[in-house]
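Noted in TrEMBL for the protein shown:
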type	residues	note
SIGNAL	1-24	signal peptide
DOMAIN	35-131	domain 'Ig-like'
DOMAIN	137-218	domain 'Ig-like'
DOMAIN	255-343	domain 'Ig-like'
DOMAIN	348-435	domain 'Ig-like'
DOMAIN	440-528	domain 'Ig-like'
DOMAIN	532-614	domain 'Ig-like'
DOMAIN	626-721	domain 'Fibronectin type-III'
REGION	709-736	region 'Disordered'
DOMAIN	723-819	domain 'Fibronectin type-III'
DOMAIN	823-919	domain 'Fibronectin type-III'
TRANSMEM	932-953	transmembrane segment
REGION	963-1062	region 'Disordered'
COMPBIAS	976-987	compositional bias 'Acidic residues'
COMPBIAS	993-1006	compositional bias 'Polar residues'
Amino acid sequence: MARQQPSPWVHTAFLFCLLSLSGTIEIPMDLSQPPTITKQSVKDHIVDPRDNILIECEAKGNPAPSFHWTRNSRFFNIAKDPRVSMRRRSGTLVIDFRSGGRPEEYEGEYQCFARNKFGTALSNRIRLQVSKSPLWPKENLDPVVVQEGAPLTLQCNPPPGLPSPVIFWMSSSMEPITQDKRVSQGHNGDLYFSNVMLQDMQTDYSCNARFHFTHTIQQKNPFNLKVLTNHPYNDSSLRNHPDMYSARGVAERTPSFMYPQGTASSQMVLRGMDLLLECIASGVPTPDIAWYKKGGDLPSDKAKFENFNKALRITNVSEEDSGEYFCLASNKMGSIRHTISVRVKAAPYWLDEPKNLILAPGEDGRLVCRANGNPKPTVQWMVNGEPLQSAPPNPNREVAGDTIIFRDTQISSRAVYQCNTSNEHGYLLANAFVSVLDVPPRMLSPRNQLIRVILYNRTRLDCPFFGSPIPTLRWFKNGQGSNLDGGNYHVYENGSLEIKMIRKEDQGIYTCVATNILGKAENQVRLEVKDPTRIYRMPEDQVAKRGTTVQLECRVKHDPSLKLTVSWLKDDEPLYIGNRMKKEEDSLTIFGVAERDQGSYTCVASTELDQDLAKAYLTVLGRPERPRDLELTDLAERSVRLTWIPGDDNNSPITDYVVQFEEDQFQPGVWHDHSKFPGSVNSAVLQLSPYVNYQFRVIAINEVGSSHPSLPSERYRTSGAPPESNPSDVKGEGTRKNNMEITWTPMNATSAFGPNLRYIVKWRRRETRETWNNVTVWGSRYVVGQTPVYVPYEIRVQAENDFGKGPEPGTVIGYSGEDLPSAPRRFRVRQPNLETINLEWDHPEHPNGILTGYTLKYVAFNGTKVGKQIVENFSPNQTKFTMQRADPVSRYRFSLSARTQVGSGEAVTEESPAPPNQAYTNNQADIATQGWFIGLMCAVALLVLILLIVCFIKRSRGGKYPVREKKDVPLGPEDPKEEDGSFDYSDEDNKPLQGSQTSLDGTIKQQESDDSLVDYGEGGEGQFNEDGSFIGQYTVKKDKEETEGNESSEATSPVNAIYSLA
């Protein structure tokens, strides 16, 4: 960020000094005064012939002056020419060609005379010329024949124009001629070739002249070059060779000057103009040019080099720039120099220009006219347009060279004097009048002005006045008697009071008093001091990526009595606030920053009295510009050097360059990455492959992204060779059971190394030692037919082109097509317990390919009920599987097959072993659903009811019923029926219990009780509790069985129910 010094403000209320501080006094226009020229045309006045001619001349005076003109020093009678008129209240001439006429007829030297009764003022002598743009003469140009390496100059010789035309060279198809240190245009318009090369013959050369006033371009007939050479072929491969000339058989030569000729020349330049020195040399190789000044250094502040160092320009020449300059042309064969002697002349220039002289009657005065030049100019005085020698004598006037002295002037001394100083290079003409007046002091500005100024500024209070004799002026503050002069105050001759630094105590009323012998006049100015406008939080320099949002702050403090305006500039021009920008009171926000937003942003905080500026620079990071001007050098069989000019990095340093190539044989138009280089280099050696017609381009990369690719380089073809490698990724795979497809990745353009790339394919069965089969293939696959199923083959693929074969290829093992595998061997199903089933198998005897896995399908079944099929897939190495049974009753049917990529082969099927007494379990499930069984249960329930009634009656009579009182007491030995803790039942009472249910998957599922009715059927013993519940005891652990027996089933056996009632 930076705070800028605000520009000075000019206010209508605060009038700075309008007059020169040198003391020049202007006569008020209401007083009598001689004429003064206020506006005139330039001395050399060139006009457009298509427009009307305007020759300006305006003047002031009282009374208003009249005008007349001379043409070629003779009176120009305007009234006699209907095309010529003079503007009203002006001496400006208008020559109208709308009704016809030739502008050239009015060429000449014109001078304007402005006259009133007090004198005559003159304009400069105005040379009127009409612009010319003549056509080029028709000419037939023979072809220019030149030996390669020789120098050549193509002359332009444009037709003379006014002003001189701008010269440039193009081809006849309007393409610019590329210029460099070898081929360039001289200041005279000619085209110089330091040495001609064969590529110069690829275009023609036409000189063009652009004329300023008519905005037309004239084109000369083109030159055609015919270059004689020892190598008559396209030299693109040698154009940038480090020793290009010797490679093309061109003899090397020491430099010689084409312009200027010889070893020395001279040049004259006028003071204040630009000096242009030029040296153009021929030679092989092309010479370099250096400039020196004899006896001193070149003026670094004014000197600059142009046209590839062939021209030296020194601006605003002064006498110190005269002397001897020399240019040095050198190449490796030698060097020569040319010396240019520079002489600086000068048209007249003012040392002391005469100024208007205002005198009172009886006063003395003088007019001074001093000028310098080279040669020394002469001075001629005139009065009212006439030579002073021809004017009536005036005893009060004395001429002393460049000074006229007036003594005891009177009213009759009023006149306009002209000083004309001239030499061979030009002239100067100045008007100065002598006015004799008797006028008391008068104030020329409005009275009682209010002037507001800013604290600590330098300020001038103006008090314009007039009087004759010239009054003296004094300043006072707040009515105090002391004159304000010295210290912080300074009074100029024209009456302005300068306050060097405004303070708060300077506020007040200031009075200026003008006095001469005829009286006095005064005026007052009230001065108010205001606080300055200051930006206390300035915008800061920022770096932003494209697309982001940026905010620039600008917070301002100002005098509250002044109206504040905040505006923004971009690159010192008013900023257009578009829809991507938001201007707030103290900030500027830019959304979606783009490259065009980069630049300086200036916050301008202004009031009607002052302003403050703060500037910040926004740097936008963008993708780099594309590299340009790609050149190929150091051309070799297997390498080339690529050089490029980096593009603009758009404020983000280039980190990498990617070089890409394209070839026009295998994949024309497709670009491939070749190599990558650091962003610090712009030249690299590229390794190349044989027999590739290369074309390169470069992409620049920075943090933001990648540039657009550069324009392609010229093409370069390398010579051919046998392949140095063979195709990669060779495979042999069957697509059918009786074939094998051999495939490989084809070689690209950079590995082909020659034309007609092809492949020799060989194969044979592995370990048979049979002879190799071979075939030549142009593509990237070959199918071998009639092969056995899944047999290994040895395969070789070798590259070959017209230059020979590649290296011996390695051997790759491939296989013919696969088929479905045979069934797995020895499929075994084991059931170690009621919870799990173990499966085992061996690999198929004939895999017929690479096994991809095994597929196991199994389903649970129980009688006529079949569950949902489950499928398991195993890896090819797995040969075991353990499954968890869903229940201990159901059986399982298994189907196992092996898989190759062709599919699943023959399956082998096995079933799990049947659990014990599964038939009884099935009958139990079936009886529980029969109708007769339901009826039987109803009868049993009725019988139980009757038994309960009988039991009740017997108890009421005191009878005994042999029932064990306590179920937990074990049976004694005296009771033979209770020795094993169980009762005996007859077969007819051993009926299935209603307590089993059918599972959802169709298998038979037992109740949650661990007691199995199958065990009953096998003759197991049991016992009942007093409530009739059955205590099952099937194994040796009675405590567990008792606990389990206490778990009630979902349906109680009717037999148990009967005993519980008893």
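Just so it is clear, glycine is given a Cβ too, placed from its N, Cα and C backbone atoms.
Automatic prediction, not curation, is the source of TrEMBL annotations.
Bear in mind that the values here come from a model prediction, so they are computed numbers and not experimental data.
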Note: vs the domain 'Ig-like' (348-435), the recorded stretch with the largest number of Cβ pairs under 8 Å from 35-131, 532-614, 626-721 is 35-131
Near the region 'Disordered' (709-736) in space but 6 or more residues beyond its ends, with Cβ under 8 Å, are 236-237, 239, 626-628, 630-632, 635, 637-638, 640, 642, 644, 660, 662, 664, 671, 688-699, 742-747, 751-755, 757, 759, 763, 780, 783, 787, 790, 793, 795-807, 809-810, 812-818
DSSP puts the residues of the domain 'Ig-like' (440-528) at 3 helix, 49 strand, 37 coil
When pLDDT is averaged across the domain 'Ig-like' (348-435), the result is 93
DSSP assigns the residues of the domain 'Ig-like' (348-435) as 6 helix, 52 strand, 30 coil
